[in-house]
């Protein structure tokens with residue numbers, strides 16, 4: 001009798017990379033437990049799981065960064081040891097990370113051939129270098145100026161350079177780790193065209209994404225992990241609700257569980273805020289118990305407004321008032337002292353100190369205010385951090401663990417925890433669920449609910465319109481650096497939001513913004 005996995009692959013070629021019952025532990029923590037994965041030529045295997053499920057550890061074993069404690073890795077059916085990334089590359093295994101491995105000050109051609117520069121008589125043979133780099137770019141059909149500095153390119157183009165670099169090393173297996181995280185809809189379309197081309201050439205691919213629609217669109221099969229365990233391998237077009245159930249171990253009945261707290265007095269008031277070249281005449285109010293969404297296209301000025309309210313950036317004129325008190329502009333410590341907490345759009349670059357512990361990151365906003373006689377109250381800080389970490393269910397080995405070791409969802413909960421610890425009653429959220437899985441998103445929404453139920457106020461920027469419509473009470477829509485209008489979340493459609501979002505946009509609309517408009521049309 002043919003089992004379901006055999007039926008799934010009965011017409012597929014034999015795998016070129018296999019993980020056979022591999023396990024991996026870090027100290028007492030068992031991260032991967034007897035997981036088996038097959039990667040096949042000309043196929044895309046999507047790897048799905050919550051943050052912390054073990055996806056990153058698994059791909060690091062595939063690429064030679066980690067070695068399994070148990071089980072074995074097979075390449076072309078033969079047991080193989082991958083002690084380092086160079087060995088993995090020699091077998092044709094290449095990884096495209098979220099943080100691209102390129103040198104910004106070097107040219108496209110030099111980056112494609114990085115570490116393998118052709119030489120003649122001891123000197124770089126630039127003619128040969130450009131020829132080889134062009135051949136690699138031709139494989140994916142991308143037209144990029146070979147002499148352009150990589151740092152001058154957008155993220156999508158840099159990603160194509162990274163893929164070309166992998167192919168120039170004769171990669172047979174491409175591991176794509178969250179490749180769409182920083183891309184617009186149009187750029188994602190271009191990436192997926194390249195993936196389709198590579199499939200036709202017989203390249204095997206492992207694709208990691210939190211976006212279930214992308215998995216159905218580009219994957220052939222999907223392997224689901226949960227808590228380091230292999231749960232199932234299924235066709236990539238499996239119903240999304242079923243994938244979520246397998247991934248989190250339960251059904252999520254309400255993806256946007258907005259509570260209905262009593263709306264109180266204004267907590268945050270912004271009056272006639274202006275910053276030349278960024279935004280004009282911004283006025284808004286957020287009341288106690290309320291979530292106000294801030295929507296708009298890329299470049300509309302949403303992030304700039306939030307940063308200015310938080311005191312990160314200075315403004316030319318206008319007022320920010322919290323609980324009746326006018327704040328000094330451009331003063332972060334003043335904003336924090338008066339109850340403002342800011343969660344930036346890029347948590348790794350702006351929201352965390354990656355080299356520090358979970359405990360230190362949780363306490364960043366309160367170290368000074370809780371000091372005694374000028375000395376940090378380490379004991380008290382540890383106790384408070386432990387309470388917040390438990391309350392927010394931050395998954396970690398200990399408070400002393402480097403925050404860089406945590407999954408994206410747990411890192412984001414730690415940033416929230418910092419402001420819970422600080423007692424902030426006004427939260428400014430910029431893309432609060434970017435790069436986190438479905439289960440972690442719901443946990444973050446519940447944190448937002450709990451804060452508003454206690455009388456807090458939330459101003460939330462999000463590029464995901466379903467999130468704005470599902471979690472906000474009111475929606476302010478920005479267009480061309482101005483607030484173009486206000487909509488009640490109840491009964492409002494994505495069409496309604498987009499109509500306001502493009503109302504002030506002129507002929508200089510960015511490519512990213514145009515892509516957002518097209519994507520919204522497609523979603524409908």
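Even glycines carry a Cβ here, placed using N, Cα and C.
Pulled from Swiss-Prot:
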- 17-252: domain 'ABC transporter 1' (DOMAIN)
- 49, 50, 51, 52, 53, 54, 55, 56: ATP binding site (BINDING)
- 263-505: domain 'ABC transporter 2' (DOMAIN)
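In the three-state DSSP classification, residue 52 (ATP binding site) falls within coil. The Cβ neighbour count for residue 53 (ATP binding site), using a 10 Å radius and every protein chain shown, is 25. In the predicted model, residues of the domain 'ABC transporter 1' (17-252) average a pLDDT of 89.
Around residue 55 (ATP binding site), the same-chain residues at least 6 positions away in sequence with a Cβ under 8 Å from its Cβ are 47, 48, 49, 208, 225.
Taking the mean position of the Cβ atoms of 49, 50, 51, 52, 53, 54, 55, 56 as the ATP site, the remaining same-chain residues with a Cβ inside 8 Å of that point are 225, 407, 437. Around residue 50 (ATP binding site), the same-chain residues at least 6 positions away in sequence with a Cβ under 8 Å from its Cβ are 226, 247, 248, 407, 409, 437, 438, 439, 440.
Comparing the binding-site residues 49, 52, 54 by how many other C-beta atoms lie within 10 angstroms of each C-beta, the top residue is 49.
In the structure as shown, the Cβ atom of residue 51 (ATP binding site) sits within 10 Å of 22 other Cβ atoms.
Counting Cβ atoms from all protein chains shown, residue 56 (ATP binding site) has 22 others lying within 10 Å of its own Cβ.
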